[in-house]
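Take a look at the structure below.
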Ligand code: 13P
């Protein structure tokens, strides 16, 4: 199995009607935990890192690590560059062997977003890589540095955008937001259903941390195929470490790193079971 494009993973999910988790990683232990979860559950996996995270986890180090881990996995794994903002970093990810990139032009006006996304599609096609793009604006921000106001995706704009850019997956905003939800998210299923009827490409839900299992399943029934999860993994790891330190401070470094791997693994498995992607590979 090993390294595959995100398109291959999403096409299969579309055929069989399940969702696939795209889990953000920041270091080797998180990569190991995610791969271990996917292999144990026989689930496809999308490993991703966002451009805004690169100050903590540099791309020239994380990229080869993610690609090698995917190549050696016994289940299909796509390596995805999340929320690419600049052509320079997107190209660097492609040069490192990422099999998928997201261009996030959601803050541009429609025509400009289409134009810039088309440039990325042309670039990515020369690598045989998958392209995800966004229309409407998911609230919050990937690393919490700015609080972007949510703008629910307009259905006819989504249809035009998907047709004109020929992207492989479309991220939409239906009441979802990055980071911790202040109040329980109220997803706009009416809008999701409309978009799903008008857009042929698989749909992507960002801001997966804190959405109820029943809502995840309903999203998957209506065309969401890729679900991004970051905050829930970071939160689970920190909680485990804090609990352990409070009980008995670590005596050796490797007990600590083993706990990072294990808590990432548990969070990834938890989500894969909800998304229905286990026992697929
Ligand atoms: P959360 O941090 O809310 O899980 O969102 C992750 C995400 O959408 C990454 O693009």
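Cβ atoms here come from the backbone N, Cα and C positions, even for glycine.
TrEMBL labels come from automatic prediction, so no person has curated them.
Per TrEMBL, the feature active site, proton donor maps to 82. The annotation Zn(2+) 1 binding site is assigned in TrEMBL to 83, 178, 206. The Zn(2+) 2 binding site annotation in TrEMBL covers 104, 134. According to TrEMBL, the feature dihydroxyacetone phosphate binding site maps to 179, 207, 208, 209, 228, 229, 230, 231.
Mapped onto this structure are the features recorded in TrEMBL.
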{"residue": "82", "record": "active site, proton donor", "DSSP class": "strand"}
{"residue": "104", "record": "Zn(2+) 2 binding site", "DSSP class": "coil"}
{"residue": "134", "record": "Zn(2+) 2 binding site", "DSSP class": "strand"}
{"residue": "178", "record": "Zn(2+) 1 binding site", "DSSP class": "coil"}
{"residue": "208", "record": "dihydroxyacetone phosphate binding site", "DSSP class": "coil"}
{"residue": "230", "record": "dihydroxyacetone phosphate binding site", "DSSP class": "coil"}
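The binding-site residues near ligand 1, defined by a Cβ under 6 Å from one of its atoms, are 208, chosen from 104, 134, 208.
When Cα-Cα distances from residue 229 (dihydroxyacetone phosphate binding site) are compared across the recorded positions 82, 83, 178, the shortest belongs to 178. The number of other CB atoms found within 10 A of the CB of residue 208 (dihydroxyacetone phosphate binding site), across every protein chain shown, is 26. Report note: the dihydroxyacetone phosphate site is defined by 179, 207, 208, 209, 228, 229, 230, 231, and the residues of the same chain whose CB lies within 8 Å of the CB centroid of those residues, excluding them, are 24, 178, 206, 210, 232. Proximity to residue 206 (Zn(2+) 1 binding site), defined by a C-alpha to C-alpha distance within 10 angstroms, is shown by the following binding-site residues from 104, 228, 231: 228. Note on residue 230 (dihydroxyacetone phosphate binding site): other Cβ atoms within 10 Å of its Cβ, all shown chains, come to 25. Those same-chain residues not listed among 83, 178, 206 yet with C-beta within 8 angstroms of the centroid of the Zn(2+) 1 site C-beta atoms are 50, 82, 104, 138, 140, 141, 142, 171, 207, 228, 230. The distance from the Cα of residue 83 (Zn(2+) 1 binding site) to the Cα of residue 207 (dihydroxyacetone phosphate binding site) comes to 12 Å.
In terms of Cα spacing, the recorded positions 82, 104, 134, 178 that come within 10 Å of residue 230 (dihydroxyacetone phosphate binding site) are 178. Packing around residue 104 (Zn(2+) 2 binding site) is summarised by its Cβ count: 24 other Cβ atoms lie within 10 angstroms of its Cβ, all protein chains included. The two recorded residues, the residue listed as 'active site, proton donor' and residue 104 (Zn(2+) 2 binding site), have Cα atoms 8 Å apart.
Using a 10 Å Cα-Cα cut-off from residue 208 (dihydroxyacetone phosphate binding site), the binding-site residues that qualify among 104, 134, 178 are 178. Nearest to residue 231 (dihydroxyacetone phosphate binding site) in space, judged by Cα atoms and limited to the binding-site residues 104, 134, 178, is 178. Across the structure, residue 228 (dihydroxyacetone phosphate binding site) and residue 178 (Zn(2+) 1 binding site) are spaced 9 Å apart at their Cα atoms.
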